[in-house]
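Colleague: Structure below; questions to follow.
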Amino acid sequence: MKIGIIGAMAQEVEILLGYMAEPKLTEIAGCKIYEGKINNTDIALLQSGIGKTAAAMGTALLLQLTKPEMVINTGSAGGLDANLNVGDIVISTEVRHHDIDVTAFGYEKGQLPANPAAFMANEQLAQIAIKETEKAGFNAVSGLICSGDLFVNGNDMIARIRNDFPSVKAVEMEAASIAQVCHAFQVPFVVVRAISDVADKESHLSFDEFLPLAAEKSSEIVLAMLNNFA
């Protein structure tokens, strides 16, 4: 079994890379794909770059070149749920785009033509993530994660997203595109991210300060998940 793991930034993949035995690097179109073993499991680890286009391009390359049987998206996110604080874990049950609007043609907010409104995470993977988060003693929330090509920072932006997607738990900039590509390739996925900032007007300051903590927490859960497939 081979598992694909995707993070946008170097900080979000470097801890996992440190556990990989003799990684083989492929660089293509700005993406870095590391192949090797972690805990005796074959892993293809992608550093995609930031944003939905980079994530989609990288995910397609990962799936086409390395053929993983499942995908875990790791990294950081901004918390929109009242029960989430910096360092907590958010696990996807579904993922949607929050910056797409073709409702004039009868689609739901965030839905693209020829695609579902929500990309559903694999239930088994989500349950494994929840189990390992509980074992680690971390606070976690599962539910809707929304993605857009903007850093959510400010009350007006937060109000719009909450109005359009009342059940949203967290926001970030890649997961919906990763999920969309996985949907097209029929590869199961889950998003497991740690909260680096609680989305408000100071979230950009919190993100810079707490990104290392978020990377550490999310990587710990992903590593624990891998033990279920060894």
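Placement of Cβ uses the backbone N, Cα and C atoms for every residue, glycine included.
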Colleague: Given that Swiss-Prot lists VAL152, MET173, GLU174 as binding substrate, which residue among GLY58, GLY78, GLY79 does it place in the same site?
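Modeller: Swiss-Prot names GLY78 for this substrate site.
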Colleague: Specify the count of other C-beta atoms within 10 Å of the C-beta of GLY78 (substrate binding site).
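Modeller: There are 27 of them.
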Colleague: Specify the nearest of the recorded positions GLU12, GLY78, VAL152, MET173, GLU174 to ASP197 (active site, proton donor), where nearness means the distance between Cα atoms.
Modeller: GLY78
Colleague: For GLU174 (substrate binding site) and GLU12 (active site, proton acceptor), what Cα-Cα distance in Å is obtained after rounding to a whole number?
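Modeller: Roughly 13 Å, rounded to the nearest whole number.
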Colleague: On a simple 10 Å Cβ count over all chains shown, which one of the recorded positions GLU12, GLU174 is most densely packed?
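Modeller: Selected residue: GLU174.
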